[in-house]
Structures are given as structure tokens and as C-alpha cells.
Amino acid sequence: MATPMVATVFGVLGNIVSFLVYLSPMPTFYRIFKKKSTEGFQSIPYSVALFSAMLYLYYAFLKTNVLILVTINSFGSVVEVGYLVTYLIYATKESRVFTTKLLMLFNVSSLGFIIAVTHFLANGDTRLKIVGWICAAFSVSVFAAPLSIMRRVIQTKSVEFMPFTLSLFLTICAVVWFFYGFLIHDFYIATPNIVGFVLGIAQMTLYVVYKNKNPKKNILPVEITKVHDLQTSTIIVEMKAIDPQPQDRDSENPTVKHELELVVNVLDYGEQVPANIVVCPPV
């Protein structure tokens, strides 16, 4: 009798932590609402989060007797739909088209295909196992995204764009859901969170190692490349560097002026980016 009670406690804790995670982009969307513009924000993290919530919701309905999973993923689906509707209202035409394509890819085509195949070609435990494996594989891919950020930390010796509190928060989330999955004997929930825990510990270790290091400096960004990592709903803004030519060293030179303005714009934007957008310094 003790094990179900403990599992329920971990499930409730997992719900609380996940509620906070789902609500964390609220300041971002309040800013979008106030400015009537999506500015440089991307819809990819929210499209992927909606797909994840709906996929686990389908798994929860198949498994039955897992109200905790139904609750958090229903909440997550509603919240993510709200974010995406807000985004579509204030996005440019190009961004609306791109976001619509994402939703069609993830939440209509992919999810519809998974539901159709498992409904008509499998039954009972086989259907549950197939959907469980899909959920586990997707979760592992989500947890893998911080690897690109960790590589940047090692290369630049700077933890400026890998906040310790965020790493700690995600590690706690992984631990709580691991124990919930372990206690209810659900391999498909427990296993991906082992990966999340290991990567969370690795991030915090890197933070401790590099927090007092001197980062590389004196590099002018001349190109900003947005790399969309679906895995952690992370958007990495990557700055590539070049050495200024002798004729460009004059502060009155338009090229240098443009580059300096670009630096100011990126830094100003970086002050206000949400947790799921990471601005990476150049190598």
C-alpha cells in the first residue's frame, strides 16, 4: 500500500513542476501581446511541446488509470494551444505559414499517423507498447538538445547562456518523473528521465567548472544563424566571427558601424530572451 501512495506523491510533485514549466513562457507572450509583434521569437518550441503533450495524452488514455498523466498533458495541450494562437495572431505572414506547416506536420500528420496505425494495426498491450516506445524515443530526443549548448560552454569557457537555475530545475523535473515511472513500473516514463537526469547533472557540473573562467572576447559577429533544436525546444542564435580588414578598422567605416549595431541589437535582444532561446557566443 505504501508504494502506490509514494507514487502518487511523486506524480503530484511532477505535475506541480511541469505546471511551472508550461507557464514559464508567459512573460514572453505577454511581451508579444503588448508589442503586437512576435519579434524574433519562434513557434517551434511550442509546436513541439504541443505534440509531446498530445502524444503522452494518447498514451495515458491507452494505459488507463493514470489520471496524473491525463491532468498534466491536458493542461499542457490547452496552454500550448493558447501560446500558438497568440503567436499566430501577431506573427508575420511568413511566420504564420511556417507555424501552420509545423502544426500540420506534428499535430495533424504525425500524430494522426501514429493514432491510425496503432488503432487499426495493433491492439491491447501491443498498441500500448508501440505508443510507449514512440513517447520514450521522442522524450530522449528532447533531452538531447542541451548537448549543443554544453559544447558551446566548453568551447567558449562561458556559462553565460546556460543558467544554473534552469539546469537545476530541469534536473529536478527529471528526477521526480523518473521515480513516478519507476514506482508505477512504467519503463516508458522512467527511462527517458534517466537521460534527462544525467544531462542535467552534466550541465550543472560544467557550470561549476566554467563559472569563473574568462570567456573568449573581442570577436565581431557578422552572421546570425538560427539553429532550431527541436529536442529541448531550444533556439540557438549562433554568431560567426571574422577578423576585420585593415580598411574596416576606421570607426567611421559603414561596415564596422553595421557590425557594431548588430552587436548592440543582439545583446539587447539577449537580455530579454525566454528560457527556451539561447544566444550562443562565437567560437
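Positions of Cβ are set from backbone N, Cα and C atoms, glycine also.
The transmembrane segment annotation in TrEMBL covers 6-23, 44-61, 67-90, 102-122, 128-149, 161-183, 189-210.
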Are the transmembrane segment (6-23) and the transmembrane segment (67-90) close, by which I mean at least 3 Cβ pairs under 8 Å that are 6+ residues apart in sequence? yes
Would you say the transmembrane segment (189-210) and the transmembrane segment (128-149) are in contact under the rule of three or more C-beta pairs closer than 8 Å, pairs 6 or more apart in sequence? yes
